[in-house]
């Protein structure tokens, strides 16, 4: 192969990192959107006028997929063995950064989905309380999730 410098298998690992960033982040975004969307749908059944106030977790989960796309584009544009040498170190660096971004997006999407669903339901439950504020509801939401794990 004329003009190629570096390792021939290194781009495989780099593109694998780009794919991992995109796939895992989008899986987290899809799970977070679906799980928090269930809470928004239940809010729409109980109090339709509050649906737009409950849509924030769905938007937060959707942004995770965009983060994965951005990292995948950054990684894939950095892989050009014809322009500069691309060694196994570069491939492994791109693989590890793609996995870090993707798995962080997956776990964040799962957390956003679970907390978003619980938060919307707690927000509805506390809506009747006269001193209901978003900060108070957020504190009650996390406290209720902590109580669930305690014996």
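Each residue, glycine too, has its Cβ placed from N, Cα and C.
Taken from TrEMBL as is:
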- 12-34: transmembrane segment (TRANSMEM)
- 16-75: domain 'V-ATPase proteolipid subunit C-like' (DOMAIN)
- 55-79: transmembrane segment (TRANSMEM)
- 91-115: transmembrane segment (TRANSMEM)
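Note on the domain 'V-ATPase proteolipid subunit C-like' (16-75): DSSP counts are 57 helix, 0 strand, 3 coil. Below 8 angstroms of C-beta separation, residues 11, 14-15, 17-19, 21-26, 28-33, 36-37, 39-40, 86, 90, 94, 97-98, 101-102, 105, 108-109, 112-113, 115-117, 119-120 of the same chain, each at least six residues beyond the ends of the transmembrane segment (55-79), sit close to that stretch. In the predicted model, residues of the domain 'V-ATPase proteolipid subunit C-like' (16-75) average a pLDDT of 89.
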